[in-house]
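According to TrEMBL, the protein has these features:
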type	residues	note
DOMAIN	20-152	domain 'dUTPase-like'
BINDING	73, 74, 75, 86, 90, 91, 92	substrate binding site
Ligand SMILES: O=c1ccn([C@H]2C[C@H](O)[C@@H](COP(=O)(O)OP(=O)(O)OP(=O)(O)O)O2)c(=O)[nH]1
Ligand SMILES: [Mg+2]
């Protein structure tokens, strides 16, 4: 854990850390920390529906060279169609509000989420920030303006 970044975390839901563990890496080299959905009670997400669920915690990354993303869990996404309503969540380094997960049931069957269920995962990432310099023309590059299939398929 020596290379880990210290991130401030506030527990907003007293069931976390008491009835359910705080987020932690499942293995020594896991990239993602599972986030638990913390609705008041069991929540049935209808087929095709989206719900914004609290995770019961807040984090303050506090470093502009970092951000966090919220990603689906592959098992839930592939087997049950439980993914994210925003596809990927982006957590800014200066965000201090409750961490929320937009859960989307893209399947054709209802899915029940119980408080404490691990519903998505948080990945901390490095961020490079831009300072734009407005120019009239770009220095030449190998690609130029080619894109969108320009290099072919095979
Ligand atoms: O899945 C998510 C995505 C975002 N957020 C929080 C953290 C993030 O820093 C903030 C704003 O997210 P974003 O910039 O993606 O949303 P927006 O619609 O542009 O809102 P804003 O106008 O507040 O930036 O909302 C979450 O809790 N969960
Ligand atoms: Mg925004």
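Cβ from N, Cα, C; glycine included.
Bear in mind that TrEMBL entries carry predicted annotations, made automatically and left uncurated.
In the vicinity of ligand 1, defined as a Cβ distance under 6 Å, the following of the binding-site residues 73, 74, 75, 90 are placed: 90.
Each of the binding-site residues 90, 91 was scored by the other Cβ atoms within 10 Å of its Cβ; the lowest score goes to 90. The most crowded of the binding-site residues listed here (74, 86) is 86, judged by how many other CB atoms sit within 10 Å of its own CB. All protein chains shown were included, and the count of other CB atoms within 10 Å of the CB of residue 92 (substrate binding site) stands at 12. According to DSSP, residue 75 (substrate binding site) sits within a helical segment. When Cβ atoms from all protein chains are considered, those within 10 Å of residue 73 (substrate binding site) total 18, not counting its own. The residues of the domain 'dUTPase-like' (20-152), classed with DSSP into helix (H, G, I), strand (E, B) and coil, number 7 helix, 53 strand, 73 coil. Counting Cβ atoms from all protein chains shown, residue 75 (substrate binding site) has 10 others lying within 10 Å of its own Cβ.
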